[in-house]
Amino acid sequence: MGASLKFRVSGGGGGLSTAGKRKTPWMEVLFSWALEGVNCPLPKPPSEGRIVHDKAVVGTSTIYGQGWSYECNPPKAPSYERGSCMADGTATEPPVCREVSCPIPPSIPNGFITFAVMRQQGYKEKVRYSCNEHYTLEGEAEIQCQNTGNWSSKPVCRAPCEVGIKRGRIFYNARKIWIEDLRPNRVLHGEHVAFYCKDKAEKCGYPVASTCNDGNLPIPDCYEQPGKIEYNLRSKNLPSEIRACVAPPAANPTSRPNPAETQTAKSGAKSPHPKPKADCRGEGDRPSISSEDGAFVSAVLWSACDDICSRPELSGNIEMFGIQRFSSPGEELALSCKEGYTPVSGPRKIVCTINGVWTSTKLKCIPKQCPHPELITNGELFYEDTVYQSTINYTCHEGYMMTGESSAVCLSNGTWSSPAPECIPVLCGLAPVPLYGMVVYDKVIRGNTVNYGLTAKYICNPPYALIGNPVAKCTASGTWTKTPECQVVTCPPPESIERGYMSINEKREFFYGERVKYGCQSPYVLDGNTEVICQENGRWSEKPSCKAPCSVNLQRARILHNGKKIWIENFQPNRVLHLDIVSVYCMNEAMKCGYAVPTQCIDGTLNIPECFEEPSELEYTLKPNSLPSEINQC
């Protein structure tokens with residue numbers, strides 16, 4: 001490969017040893033290895049992507065150790081994301097670009113997703129989490145769909161703690177506070193609370209720090225809860241009120257005594273670190289108080305002094321210059337707004353007074369505003385606000401694909417973290433043409449691609465039958481709906497019908513689409529379609545039938561047929577065709593009037609209405625004008 005491997009050895013300077021270990025000869029030589037002159041040809045990009053080098057590349061080769069990232073055209077992801085020039089002079093082979101999706105984002109206990117469409121997410125799409133009120137987010141608030149099809153690690157919402165004592169004074173949030181004044185009784189995860197214990201030998205008090213850890217705030221073993229009477233009188237003998245210890249007692253299990261001091265105490269010798277004089281006027285050094293996790297800040301005790309100021313409590317958007325925990329009267333603290341916030345009013349400094357109280361400030365810091373986002377074509381955006389740390393989430397309509405980031409965050413400089421994405425239409429190639437068939441598009445096609453939503457019809461060449469969906473559609477995935485098949489389909493000879501005939505009387509197989517007509521012998525009537533067709537399932541459509549006529553079974557009456565009144569003896573021939581209607585006349589005795597009641601012929605049956613009364617021969621012959629058909633009609 002043209003590569004060379006050279007070693008450079010340097011030594012001397014005496015033997016090397018490790019503390020408490022015997023010297024060894026091989027440790028007396030230091031090896032320095034270097035690969036020199038190893039070059040690799042420029043790496044090949046993925047077939048559907050590109051390469052982004054970590055450093056600028058000049059010429060046609062790279063050097064050993066230089067790396068790069070692989071990127072694929074959206075929405076595809078590389079099978080691996082990193083490559084490099086290796087020691088054998090070869091470059092990492094390009095990855096495969098493939099479509100990757102992550103499952104629906106997982107939920108987290110005591111938290112929620114600030115925004116996400118409940119669907120599978122594509123490569124590099126992001127989801128942001130928040131915790132329920134008073135819970136603290138631990139981990140990255142935003143997870144991302146990775147090229148493996150898995151989400152990056154989701155965060156955890158840690159529970160707040162309750163300070164589990166009924167009586168006592170604690171040190172919390174840079175001030176001493178009686179437990180009943182801690183309202184609500186709640187400490188957030190990761191916050192520190194100091195409990196006051198008593199050194200009975202020295203008759204002094206000292207704080208021991210405890211940290212809230214996901215709902216658990218341990219109370220130090222040395223803490224003794226005072227009695228009701230002693231506590232209600234706010235006794236000066238409480239550990240939080242008596243003289244402060246210069247240092248925690250050595251027996252305190254939560255403190256970490258210096259081994260040198262312990263040894264000096266045992267031998268009776270004078271300590272090399274004499275106890276300083278602790279008072280409120282700066283005589284002596286301020287004591288350093290240990291805690292269980294080593295994270296609690298020094299000089300907690302000094303907040304009890306009357307003429308100094310402890311670190312002030314400020315609103316969440318204001319910060320101060322300087323890291324000191326305590327200040328003397330007259331000292332000033334400069335205030336400023338945190339990153340992403342803008343001052344709108346009030347002085348930007350506070351002063352420690354002789355009473356150990358900071359002067360008030362009306363400084364207000366409001367979050368910076370990002371410009372209102374514009375709507376995106378063929379997509380939608382979702383957001384609640386446009387201030388610092390607000391999030392915009394973008395989605396594309398069905399059939400459109402997003403290019404760019406699916407979300408943007410308002411940054412501290414008042415700009416969005418990324419420009420609005422574009423929603424471009426999903427494209428399909430031309431619809432596949434079935435064998436022995438053709439495709440007819442709804443509109444003229446130019447080129448070899450069509451947009452999402454376009455439809456077309458499949459048609460088979462005779463005598464082939466189309467098996468499947470006759471309509472094709474370009475779907476949101478960039479593919480067409482399933483292509484049907486064109487198959488040869490035949491039907492057996494059609495069946496004859498009773499009292500009827502067919503236009504074709506051939507005993508052969510009929511192809512798909514062939515038709516046969518039916519007719520009826522007189523006076524029978526055809527009921528159904530006059531023709532049948534050979535269908536794609538190899539069966540004929542439903543055949544018709546021939547229905548029989550009816551006779552009007554009356555001897556004396558006048559009827560109504562086809563809009564004319566006819567005496568029954570003049571109704572020749574006495575026949576009504578299938579589905580024809582005949583009306584007979586009935587008498588309304590109360591109103592002394594007549595009315596017509598229709599009845600229909602159904603395949604040889606004509607039912608006479610029950611209200612009809614046939615007149616006697618005498619009445620019919622001598623008094624025809626009194627019949628219901630002849631008198632006034634109701």
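Just so you know, glycine gets a Cβ as well, placed from its N, Cα and C.
As annotated by TrEMBL, domain 'Sushi' applies to 100-159, 307-367, 368-425, 426-488, 489-548. For CYS102-CYS145, CYS309-CYS352, CYS396-CYS423, CYS491-CYS534, the entry in TrEMBL reads disulfide bond. Annotation source TrEMBL lists region 'Disordered' at 247-290. The compositional bias 'Polar residues' annotation in TrEMBL covers 252-266. For 276-286, the entry in TrEMBL reads compositional bias 'Basic and acidic residues'.
What TrEMBL annotates, mapped onto the structure for a quick look.
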residue : record         : Cβ within 10 Å
CYS102  : disulfide bond : 22
CYS145  : disulfide bond : 24
CYS309  : disulfide bond : 25
CYS352  : disulfide bond : 22
CYS396  : disulfide bond : 22
CYS423  : disulfide bond : 21
CYS491  : disulfide bond : 21
CYS534  : disulfide bond : 24
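Assigned with DSSP, the residues of the domain 'Sushi' (489-548) fall into helix, strand and coil as follows: 0 helix, 24 strand, 36 coil. DSSP states for the domain 'Sushi' (368-425), grouped as helix (H, G, I), strand (E, B) and coil, give 0 helix, 25 strand, 33 coil.
Cα of CYS309 (disulfide bond) to Cα of CYS102 (disulfide bond): a span of 54 Å. Across the structure, CYS396 (disulfide bond) and CYS491 (disulfide bond) are spaced 50 Å apart at their Cα atoms.
Across the structure, CYS102 (disulfide bond) and CYS534 (disulfide bond) place their CA atoms 50 angstrom apart. When the disulfide-bonded residues CYS145, CYS352, CYS423 are ranked by how far their Cα is from the Cα of CYS534 (disulfide bond), CYS423 comes first. Here the Cα atom of CYS145 (disulfide bond) is found 20 Å from that of CYS423 (disulfide bond).
Classification of CYS102 (disulfide bond) by DSSP places it within a strand. In the three-state DSSP assignment, the secondary structure recorded for CYS309 (disulfide bond) is strand. Taking DSSP states H, G and I as helix and E and B as strand, the domain 'Sushi' (426-488) has 0 helix, 30 strand, 33 coil.
Cα of CYS352 (disulfide bond) to Cα of CYS423 (disulfide bond): a distance of 58 Å.
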